[in-house]
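Trainee: The structure is given below, and queries will be raised subsequently.
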Number of protein chains: 2
Amino acid sequence: MMIKPSIPKGTRDFGPAVVKKRQYIFQTIRETFELFGFQPLETPSMENLSTLTGKYGEEGDKLIFKILDNGDILGRAQQAKDSRELATLLCEKALRYDLTIPFARYVVMNQHELALPFKRYQMQPVWRADKPQKGRYREFYQCDADVVGSNSLLNEVELLLIYDRVFSKLGMQGYEVRVNNRKILSGLAELIGKPELLTDITISIDKLDKIGLQGVQQELLDRGLSQQDVDIVNSFLQIQGNNQEKLQQLQVLLQSSPVAQKGIEELSYVLNSGLANFNSPPIVDVTLARGLNYYTGMIVEAKGPASVKMGSIGGGGRYDDLTGLFGLPGLSGVGISFGVDRIYDVLEELQLFPATAQQSTKILFLNMGEASMPVAFKHVMQLREQGISAELYHEPAKMDKQMKYADKRGIPYVVIIGESELQENNVSAKNLQTGQQDKVAMDDLLGYFYCLVS
Amino acid sequence: MMIKPSIPKGTRDFGPAVVKKRQYIFQTIRETFELFGFQPLETPSMENLSTLTGKYGEEGDKLIFKILDNGDILGRAQQAKDSRELATLLCEKALRYDLTIPFARYVVMNQHELALPFKRYQMQPVWRADKPQKGRYREFYQCDADVVGSNSLLNEVELLLIYDRVFSKLGMQGYEVRVNNRKILSGLAELIGKPELLTDITISIDKLDKIGLQGVQQELLDRGLSQQDVDIVNSFLQIQGNNQEKLQQLQVLLQSSPVAQKGIEELSYVLNSGLANFNSPPIVDVTLARGLNYYTGMIVEAKGPASVKMGSIGGGGRYDDLTGLFGLPGLSGVGISFGVDRIYDVLEELQLFPATAQQSTKILFLNMGEASMPVAFKHVMQLREQGISAELYHEPAKMDKQMKYADKRGIPYVVIIGESELQENNVSAKNLQTGQQDKVAMDDLLGYFYCLVS
């Protein structure tokens, strides 16, 4: 019996219309990365399991997709005492879980050939065995740019400019790029006198959007802060005003912490370097924490327009010593990533995809039979040579069947070369949206369409 | 202890220079596919194991990479009697083995929405647990274009034109596209009176390049043909001349076979339709067999220039009933594929990659310290806005360190804005290949570089 075909849960087919729109997003990001001097890297889908294990926390380890070794595995399986050990015995390889660890692994493996700083971008799928749900997939693209081997804050400025350019190019008015500095949060923990609770404080603050100020305060108490500590965090979180005002208040509140002062200084440079002209200047957000522990300097998060409830569409920050995991300590890095699936949803909801990202073939020549086919095809090939995508319908079917094909494909123009057109040496060109129909001399066809569709 | 990081055997990292060149190949193919009205499709890396099993023969089944189910697998493992059963018990999913089966699966799943004929292209990696060796990888890209749902030979003509355009655009002089028709081979088996041996005959002829005419004859005898049969095959294989002459000889030799006559007629139409102007016309090759059994009409193979010993750089053909595997019979299809890895090797060996496919950043502004940074960066951003990739070195390091970076990155121009340049309101622009150095007024910088690098 034939089973109805399906795809694994949490995965997606991308049909032509969706691929075209996704390509438009990728292309906008890629072009920007390259203008800023970032270079493409592609790593294998499979990594050695040992490269990935232990890099994403205990929860992360469970979500790594492992690849079964080929060949004789039965004997090995029989030695396992639990499922976890079984997986390790049967699998040498696993699917990429993110782009950061493979990047670090690549840098270490190629450290002697690379020109540092190494500015790389990478756009590839990653796989996670998360429970699939709305907006969360088991296969999805990540889209990262990182600079490794440079402490210069120029990199921070450039990465913020990349966000600014990409979101502007995508026409996403109202996007926000929010920045903070991890050293400021460290300073806060210092001020309280509990630097060992930095992670707890960070994790709690990170939930502000979800659980509100009350919730954060309660969680901080639960995590071992005194009421007095919580009051300090509270006054920190309530810092307001424009960027300059916020930086000044931070300076006052955290004046006793040298590390915080360093963080404020870095943040201030990034925002006021005099280098950058932002379309939409980054906003200081002291409540921005970002859960990941490895950040040590600037942290950044990008949000779509407020009219679309979408949350973060990108994020990043500076980290130290990423390559130390693989035996190459002392390289600082800073990077950002784009959330392509969410950016897609924002553009879709606000109808911001340009027409060019939604069309493929521009002109369909109807197939009017043997006599006109060579003439029609000659024009099709001429249009293609000029970079205009054109097709001749594959067979001399009934007119309405051919028109239906044009419609279903979203082809904006059809051209008819029938007997009368052949005799008069012209063609009928029809705009399917407006219904307008023109007679065009055959010799003028290229010029006619060149202006309309390129 | 830190283990030296590595990647799984048979997989590859693609560093920036290689990715850029690969993108150039992909982009050339993609552009051509789209000009001809083909639409992009992307399917998930993972398919249900049941979708793939049994589609690639017994050998193929063994080469499918299976993905271990997450969660509790120990209990299931204990029921297995052999390694094969164990794999089936532990794995629901597997990695894509080719692009054809996922395409067929997609067509069946979306049959009610698709506009037929469906012209799709797909460029994605596939995975095979082959023994890695020179030129054979466990992860590699396939690059396919297929038309499904049309019997029109116009599709054959267009696919041959796609080969012609892509190889021409890539500058690959001396490429050859060879065509045959599976019906002609069927006719040959008919003529011999042993249609049941078609597969044996095809497989043997397919080895002509490797084992020579003598070898093929011996193998045919071993496979059950009489000496008389072999003589007929022999006279078939020795058909020579130009396309027209070959077609005429085929007509005579196979006149008693209606199916062969149909094949000759199809081949003749494809070559002489009057529709196509080839840069390098396809060549009839009666010895072209292609091992795969599912071809039923035209078969085609593309070869690189004879000066490069590379063998096939592409192939394809017409097949019937691909979607029948998933319960949708009666759809005919025809397709071609490009061997991107081999095309890469050909272009590399013949030094055919254009300079633009090998550069990233065009201009490096040296970092001459605080005072000149804002001026330099302003120009960097102006160049970027004009689509010219430029960078400011990340810190005011020693000149030779900065020059070394430019050199290692293959950046063709550096710009210096030092104290004297700031005073004189100009810049020094240096071509690193020729050594030529120009003084350029700051206001003219954009114009100066616009001609040089775009």
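Note: Cβ is positioned from N, Cα and C throughout, glycine not excepted.
What TrEMBL says about a protein is an automatic prediction, not a curated fact.
According to TrEMBL, the protein has these features:
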- A:Asp98, A:Leu99, A:Thr100, A:Arg128, A:Gln142, A:Asp146, A:Arg290, A:Tyr294, A:Tyr295: L-histidine binding site (BINDING)
- A:1-374: domain 'Aminoacyl-transfer RNA synthetases class-II family profile' (DOMAIN)
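Help me picture where these features are in the structure shown.
Mentor: Around the Cβ of A:Arg290 (L-histidine binding site), the same chain contributes A:Thr202, A:Asp206, A:Ile299, A:Glu301, A:Gly315, A:Gly317, each under 8 angstroms and 6 or more positions distant in sequence.
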Trainee: Widest Cα span across the L-histidine binders A:Asp98, A:Leu99, A:Thr100, A:Arg128, A:Gln142, A:Asp146, A:Arg290, A:Tyr294, A:Tyr295, in Å?
Mentor: 22
Trainee: A:Gln142 (L-histidine binding site) has how many other Cβ neighbours within 10 Å of its own Cβ?
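Mentor: Cβ-Cβ neighbours of A:Gln142 (L-histidine binding site) within 10 Å number 18.
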Trainee: If you draw a 10 Å sphere around the Cβ of A:Asp98 (L-histidine binding site), how many other Cβ atoms fall inside it, taking every protein chain shown into account?
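Mentor: A count of 17.
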Trainee: In the three-state scheme derived from DSSP, which category covers A:Thr100 (L-histidine binding site)?
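Mentor: DSSP call for A:Thr100 (L-histidine binding site): helix.
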Trainee: Please give me the CB contact count at 10 A for A:Tyr295 (L-histidine binding site), counting all chains in the structure.
Mentor: 24
